[in-house]
Amino acid sequence: MIRIQRLLGVPVLRESGKRVGKVKDIWFDEFWSVVGIVLDCRIWFRKARKVVLMDQIFAFGQDALIIRNESQLDTFELKQLLRTYYTGVIRIKDMPVFTKEGLHLGEVSDVYFKENEGTPIIGFELSDGFLSDVLEGRRRLFMPERAEDIRLGENAILVPASYERILK
């Protein structure tokens with residue numbers, strides 16, 4: 001299981017050991033599955049970013065991501081990176097999570113996914129604010145096998161009321 005917060009800032013290396021950039025963000029598709037890793041290297045005079053697609057990552061290490069060569073870096077315009085964790089038009093970080101009955105469960109502070117299983121989101125870490133995090137800790141909401149009931153919208157995440165009981 002990979003936490004997105006741990007990936008941010010991690011170096012991306014070629015197999016030869018040459019550094020090609022650092023992880024700046026995570027890119028999601030319209031179904032909120034991880035598509036690729038957005039790098040911090042910029043392209044001069046363009047509103048674009050270099051991206052490594054998930055199927056092109058050779059190794060997911062604790063301290064670095066390894067790709068075979070730089071030809072595996074793709075260039076995408078910023079407007080194409082619609083859904084991201086941190087910097088896109090639709091950001092999952094700090095997105096509020098509500099039950100379908102309107103109860104606020106918290107805001108997304110981290111996202112969990114597995115790198116080798118089609119990369120769907122498998123859970124969220126929720127925050128109720130700094131003071132609550134310090135006194136009570138953050139809560140985790142892991143997705144059940146059947147996650148069709150969850151609505152990942154543009155402005156909020158809606159879950160069934162029963163999910164309030166499975167917060168850890």
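Glycine too: its Cβ is placed from the backbone N, Cα and C atoms.
From a predicted model like this one, the values you see are computed outputs, not experimental measurements.
Listed in TrEMBL for this protein:
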type   : residues : note
DOMAIN : 2-68     : domain 'PRC-barrel'
DOMAIN : 92-164   : domain 'PRC-barrel'
Suppose you look only at the domain 'PRC-barrel' (2-68); what would the mean pLDDT be?
85
Helix, strand and coil residues within the domain 'PRC-barrel' (92-164) as assigned by DSSP
11 helix, 31 strand, 31 coil
